[in-house]
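According to TrEMBL, the protein carries these features:
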- 2-135: domain 'CSC1/OSCA1-like 7TM region' (DOMAIN)
- 6-28: transmembrane segment (TRANSMEM)
- 48-67: transmembrane segment (TRANSMEM)
- 94-121: transmembrane segment (TRANSMEM)
Amino acid sequence: GSFLQGFLPGLALTIFQSILPSICGAIASFRGLESVAWIDADAFKSFFYFQLFNFYLASAIGGAFIASAEEIADEPTSIVSLLSESLPGQALTFMSYIMLISLSTFPILLTNISSLIVGALKLKYLAKTEYEKEEA
């Protein structure tokens with residue numbers, strides 16, 4: 001129970017963070033930017049601001065608010081003190097996220113299995129000429 005409660009938020013954040021650059025890139029390309037460099041720069045800027053405000057601030061404050069929602073409903077005038085007491089409890093989510101990133105994501109990136117699988121599939125099914133076989 002407590003393992004899943006500590007592990008699943010970090011896993012959800014990791015999955016979301018891995019698809020977020022693609023989402024930011026798609027949004028930037030829909031904005032009508034003309035060059036790939038402008039699209040990449042806009043996607044990077046959007047990704048940075050989203051990470052800063054939503055991922056770090058909103059997740060921490062939102063999690064602290066949810067953790068103390070019942071007490072806030074009982075005594076709304078003490079919202080600042082209740083949030084300041086429950087905010088350190090959100091550190092577990094970020095610690096599990098950092099542990100998950102460092103212990104699973106980076107080793108997976110180092111092995112780069114996906115490019116090996118894609119390269120093998122391209123070589124087997126798509127490469128017709130010698131040049132295409134060398135590129136795969």
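From the backbone N, Cα and C atoms, a Cβ is placed for every residue, glycine too.
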Ask   = When the pLDDT values for the domain 'CSC1/OSCA1-like 7TM region' (2-135) are averaged, what is the result?
value = 78
Query = By Cβ distance under 8 Å, which residues at least 6 away from the ends of the transmembrane segment (48-67) in the same chain are close to it?
reply = 13, 17, 20, 24, 83, 86-87, 89-90, 93-94
